[in-house]
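K.L.:
Annotations per Swiss-Prot:
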- 13-33: transmembrane segment (TRANSMEM)
- 47-67: transmembrane segment (TRANSMEM)
- 88-108: transmembrane segment (TRANSMEM)
- 138-158: transmembrane segment (TRANSMEM)
- 228-248: transmembrane segment (TRANSMEM)
- 264-284: transmembrane segment (TRANSMEM)
- 296-316: transmembrane segment (TRANSMEM)
- 319-339: transmembrane segment (TRANSMEM)
- 358-378: transmembrane segment (TRANSMEM)
- 383-403: transmembrane segment (TRANSMEM)
Amino acid sequence: MDIFKNRNFVRLFFAALASQMGTTVGNMAFAFFLLDRFSSQPSYTTLAELMYSLPTIFVFLIVGVVADRFDRKKVAENCDWIRAGLTVVLFFTLFTGNIPLVFCILFIRSAVTKFFFPAENSLVQAILPKEHYAKAAGLNQMLFSIFMVFGVGIGAFMYNTIGIEGAIILDFVSFIISGLLIRSCRIPKEARQPNGAFSWRKTSVKDSINDFREGILYILKNKLLASLIFGFFIFGFVNGGFAVLPMFTMKYGLAPDRYEWHTSVFTIALGFGLLAGSVIGTLISKKVKPHFLMSIPIFIAGLLIFVLGYTNILWVYYAAAFALGMCIGPINIAIGGWMPKIVHPKLMGRVSGMQDPFMMFAQSLTLGLVALLFPKFVSNIDYLYYGMGVIILLVFIFYFIALPKYSAQAVEVNVQEAFQEQPKKKARSV
């Protein structure tokens, strides 16, 4: 692939791989450690998971602002150095047995992680030509799929072979490798700081809020961009539903005696589907218009969710999960390849920083609704699938009608020309 001829992208790609490897291995190994060490207190494992998602609430206002105002390369690199340092502290804290302090370190480390993606994603926009954006999104989706399929297995293998201490050391090494790869990138200053030079001394809470508000207004004024950001809300909605529905389906229907095993098989089937869909989506992204690459898989996904609720046959359930994963892959590639073309580089950090909060909010909202409805108000879990399927089909109708119109109205940004603009000049809506 031509994209791998770009040395900066190769380094950023493998930096993201190393960073994701460290995060996945460390998190999963720590979950197994808590289950072994505190088998009578499974709530500890749940609390650890909460430490990975809760920081979003506290930092979402500033992650995008930091990526836009400060040197993006240094932000991404320093995220790795800080996480490596916190991993060392975590290593020694484990020997003290002070679990509340361990949770505190996990919380801080996860909060630092939230700053990595907006900075790294903004750098990718700067170093690639627009025809490579979809390929980059596809490669990132493949990474996510691989860790989704093998993440638990890798974490379990590392925990059983080198123990929690070895897994944390591997965690540390992964962050160091990621930091060194980012440091080795040769990216022009204007691409790293498209808004001009800035320092911590100049910042204030009021300025950060104003910058965040500017990012929100920029999204709302661009109908196509707002529609794409809404796509991440839908991803969160689906993630929230499938975080618990397969488990409930197995426990109360298809396989009550071995529901843990079959829930894992569902996740693997979905992950392999994501991987296959990412490959297919990457290959056809140049031949298919992005609004079709996005809307048609959403329609098929809606129908497949009905199948998941209707079927009483395990292999059909797994096949539908695999096909559903194949639909999600192209949708993500369409969004990831489209967004950098229409977002001004001066605001790319703030736009990227909105993705995780939207997903987390939708995921939390969905989990709350499932907890409220099942089994008190909805005793048959199939109806939850049908409700989700109806919502997805309504989203398809909206996208099928709106995206072609919004796409025709949108103007693509010439990223290289944008970097030549005066730093003090406000970014125009596109």
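Any Cβ shown, glycine's included, is placed from N, Cα and C.
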K.L.:
So if I exclude everything within five residues of the ends of the transmembrane segment (296-316), which remaining residues of that chain have a CB under 8 angstroms from its CBs? That is, six or more out.
P.N.:
234, 238, 245, 249, 253-255, 262, 277, 323-324, 326-328, 330-331, 381-386, 388-390, 392-393, 395-396, 399-400
K.L.:
Based on Cβ pairs under 8 Å, which of the stretches 47-67, 88-108, 138-158, 228-248, 319-339 lies most in contact with the transmembrane segment (358-378)?
P.N.:
228-248
K.L.:
How about long-range neighbours of the transmembrane segment (138-158): same chain, 6 or more residues beyond its ends, C-beta under 8 Å?
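P.N.:
Those are 3, 13, 16-17, 20-21, 24-25, 27-29, 31-32, 166-167, 170, 264, 267-268, 270-272, 274-275, 277-279, 281-282, 285, 325, 329, 332-333, 336-337, in sequence order.
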K.L.:
Counting CB pairs under 8 Å, which listed stretch among 88-108, 228-248, 264-284 touches the transmembrane segment (319-339) the most?
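P.N.:
Most contacts with the transmembrane segment (319-339): 264-284.
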K.L.:
Take the transmembrane segment (264-284) and find every residue of the same chain, 6 or more past its ends, with a Cβ under 8 Å from one of its Cβ atoms.
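P.N.:
Result: 134-135, 138-139, 141-142, 144-146, 148-150, 152, 242, 246, 250, 293, 297, 317-319, 321-330, 332-334.
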K.L.:
In terms of Cβ proximity under 8 Å, which residues at least six beyond the ends of the transmembrane segment (228-248) contact it?
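P.N.:
Non-local partners: 219, 259, 263, 266-267, 270, 294, 298, 301, 308, 321, 328, 331-332, 335, 338-339, 351, 354-355, 358-367, 370, 374, 381, 384-385, 388, 391-392, 395.
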